[in-house]
């Protein structure tokens, strides 16, 4: 069950410093925070899926079935969606039947009746983006929680997740939208929005005392898939991951499953964008020492965590384990 912190559900606390004259005026906002309890033994497990909402087509239903099976085996605590929740153009409003046809009526197994933490993808911005953020959807299906950016403290303090709204970073959506119409309400002026978001993310990362730090966004920072690297995120977000020792960056956008271990960063880059339609054979060359795994088909990802260990598995549409990776770290004790 998701538990908001002392901050109200739809309220951000803003600290203001106003010094007149030669001094700087500063405004630092905080990302909304939530807490999710782990298991009594101090562990945590969850699934990650992205790019899925197609009314069950393109093997979405089959992926959902396997997610339910693995979710039961792992006794998962929650599910993360990496965005592009509803194709092709998001939701038209809170009464769009696509919400039920692509979410409520698809992920029906008991193990998936857990909290879903969702971010928006570029396809979601092509519809009424505000609809997905509306508490009305949560009243329709209590599993649904979607915000542009937020922080989830899970465990507590086993892991802290920093969900980042990556779509507004991508310049081409503004300068060359092709035939698409994006819902930029509350985003414009873009530069101000992005500057504030980066400050909020950096502040949250700097304050984190979690054993594991995980950043979640729709767009890839590093990818051998169709879309490749997102240059704007490499410029603006990657330095924060490096500065604050982020363990994992998890994304969707490329319709594949992927693990990149970059030589210039301690962060592991995981793509889970195989929730429905996949792009067979659409992969670019990548340094084989860094590209640990790539699957150009449907599937999803599982994560099991304790304060000292993390284990990640990628599954295909048949529930087969295609790749696994694990890491450990020592507990630090204050003296």
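Including glycine, each Cβ sits where the backbone N, Cα and C put it.
Taken straight from TrEMBL:
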DOMAIN    45-256  domain 'Calcineurin-like phosphoesterase'
BINDING   51, 84, 87, 255  Fe cation 1 binding site
BINDING   84, 122, 218, 253  Fe cation 2 binding site
How far is it from residue 84 (Fe cation 1 binding site) to residue 122 (Fe cation 2 binding site), counting Cα to Cα, in Å?
6
If you draw a 10 Å sphere around the Cβ of residue 87 (Fe cation 1 binding site), how many other Cβ atoms fall inside it, taking every protein chain shown into account?
23
Check: same-chain CB within 8 A of Fe cation 1 site center, minus 51, 84, 87, 255:
50, 52, 53, 54, 121, 123, 252, 253, 273, 275, 276, 277
List of residues, in chain order, with Cβ under 8 A from that of residue 122 (Fe cation 2 binding site) and at least 6 apart:
83, 84, 167, 170, 173, 182, 218, 219, 253
Packing count at residue 51 (Fe cation 1 binding site) (other Cβ atoms within 10 Å of its Cβ):
30
So if I measure Cβ to Cβ from residue 255 (Fe cation 1 binding site) and keep only same-chain residues at least 6 apart in sequence, which ones fall under 8 Å?
51, 225, 226, 273, 274, 276, 277, 278, 279
So around the Fe cation 2 site, 84, 122, 218, 253 aside, which residues have their CB within 8 A of the centroid of those CB atoms?
50, 51, 82, 83, 120, 121, 123, 124, 166, 167, 219, 252, 273
I'd like the number of other C-beta atoms within 10 A of the C-beta of residue 84 (Fe cation 1 binding site), please.
30
Neighbouring C-beta atoms (10 Å sphere around the C-beta of residue 218 (Fe cation 2 binding site)):
30
